[in-house]
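Asks: Attaching a single structure in structure tokens format; questions to follow.
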Amino acid sequence: MVLYKRAWKVVYRSKQLLLTNFLEAVVVGTLLGTIYIHAGYGEAGAHKRLGLFAFTLTFLLTSTTETLPTFVTERPIVLAETAAGLYRLSSHAAAGTLVFLPYLLAVALLYSVCVYFLVGLCSSAGAFASFVLVVWAVVLTANSFVLFVSSFAPDYIAGMSLVSVSLAGFFLFSGYFLSRGSMPSYWVFMHYVSPYKYALDALLANEYTCAGNRCFGVGGGSECSQTGLDVLVEKGLTAEERWTGVQVLFGFFLLYRVLYWVVLSRRASRAKR
């Protein structure tokens, strides 16, 4: 509880970080909403949705890099205090996790409210809740990845470079630019370790499952040739992909936090020697 309260104080005192995260969510969400406003349906609507989801993921996964300086600055203090036996690293990791869960939920909710209704995505309370859940899982994953990098990056500049290169690689192998079938066999594993893949699949599955009976393609006789469910089949997705994607993203969130704990534990044990 002491570490939890202290972690909240650190976040609260970082007013620039707070302002940046919330302003970015509102400004970028509103900007994207006005760019893709009333996306509609048909082929144009399908293309707009894909572009919106891809840019959404790019923004969300890069927007949490602002926390890197805080994590890197905090690291020597944590190592010194744990080496002195003031508390366990597991307590520190758990306290930070409990702080960022509601904090990033607020960011996810702000962004979703700004973009979802302006674009005119599927008007269902369940679909909106699922959209918020996916966005929340994405920012949590990104936050955990930045935290993991901060555990071994020598400084802020090296950490930023590593995060930027990693996120670019994740996006490249997400399936947006290059489908899995078009990738060389020796690079296919990157497709499955990319958080972008699962987030993009979850957003697409959520939208087209909800709009399953809507028309996204017109044939020669002005008849609907492709419904939302057909779009899912074309992309090799099912309705369950939205839940699978969220589960995998939360798995990445936990994995990166465990790796952060492992790296810092090793560094702390060396410091004690």
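Just so it is clear, glycine is given a Cβ too, placed from its N, Cα and C backbone atoms.
Quick caveat, the model's predicted, so the values are computed rather than measured.
Pulled the feature table from TrEMBL, pasting it below:
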DOMAIN    2-208  domain 'ABC-2 type transporter transmembrane'
TRANSMEM  21-39  transmembrane segment
TRANSMEM  51-72  transmembrane segment
TRANSMEM  93-119  transmembrane segment
TRANSMEM  125-149  transmembrane segment
TRANSMEM  156-178  transmembrane segment
TRANSMEM  243-263  transmembrane segment
Asks: Counting only residues 6+ away from its ends, which parts of the chain sit with a Cβ under 8 Å from the transmembrane segment (156-178)?
Replies: 50, 54, 57-58, 61-62, 65, 68-69, 72, 142, 145-146, 149-150, 187, 190-191, 194-197, 200-201
Asks: Can you tell me which parts of the same chain pack against the transmembrane segment (21-39), counting only residues 6+ beyond its ends and a CB-CB cutoff under 8 A?
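Replies: Distant Cβ neighbours of the transmembrane segment (21-39) are 45, 48-49, 51-52, 55-56, 59, 63-64, 66, 106-108, 110-121.
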